[in-house]
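One structure below.
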């Protein structure tokens, strides 16, 4: 008989060990340091636009673009925080409201959050949207003030329509005392193509582009945070250069670099290692990449999942080392659709979905010539097969495909 382990003192034992971290939170994306390195130009540009709020005027609306981890959110929050501090010192009323549109992704939720920020009692569901908008306008127009609304990941919001942006962009015509300005932050340079031309014109009065960091700049950022995050002597000599090099390969993503530095330390600490070494960084890189792939695959549409599963089946059924052609992939895809009773898309549309997987870094597709047989695309996987397969089969619509590889598939390729 197995004796159950006592849980007495479980956390006390873990807390007894000395942590290699001084303050892990400074390595998280939510932390904004007092000094933002290598972003003076962007800070000054945004401050120049927003300074009119301190004169009681309406600042221009701003669109901020740049790839992930280029400091867009950090700069916007940093400048917003400073604006509020100066306005308070000068006894002015200036509010900066930050909204993450990946979380608050509907018109109703956005307006309800704005109204609640100004202490209006609005339920998170149930009211007509017009009523919520009216409550928000009444709340802010009670006094002379300037309000800056930061819409981070604004492209996530417009996927469900741009009505709310249209209404917010025209709100100043309905206000007597308050003035409202918007800052939209996005990783996607093309998202405005889907906007109503009137919204696009109003929202993009000013535009700021954030370039990627280079390896040296990322290294500076990591050194700054490492001093605050880790105890002295904990980091091995190659840890920061390696984190910076990995992140520079990922289009200069400082967020990725900070994640690497944090996860490397977590791996070392869980193994009771006194130092964070190069091997911990390499393992952290692998873990983060798997986590990224899992998240991307999990959120794919069903048809894209079927395309990906077709490629996985072909790669794992005696075709290791051989690339998959679009024709082979489409044949298997059709069988999968039949098997779970899903509509079959045209080969052209399926090829488009495969190209989207290529853009996401999940597969690698290369056009090759077959001589007189024409050209085709050869597809290889850029992600771990088993991890990806498990994530795909978590989808209840794909669960019936668990046994497909030993039934229909064997018949097709026997």
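Glycine is no exception: its Cβ is also placed from the backbone N, Cα and C atoms.
DSSP assigns residue 71 (ATP binding site) to coil in the three-state reduction, placing it in neither a helix nor a strand. Per Swiss-Prot, ATP binding site is recorded for 70, 71, 72, 73, 74, 213, 225.
If you draw a 10 Å sphere around the CB of residue 74 (ATP binding site), it holds 21 other CB atoms from the protein chains shown. If you compare every pair of Cα atoms in 70, 71, 72, 73, 74, 213, 225, the residues listed for ATP, the longest distance is 18 angstrom.
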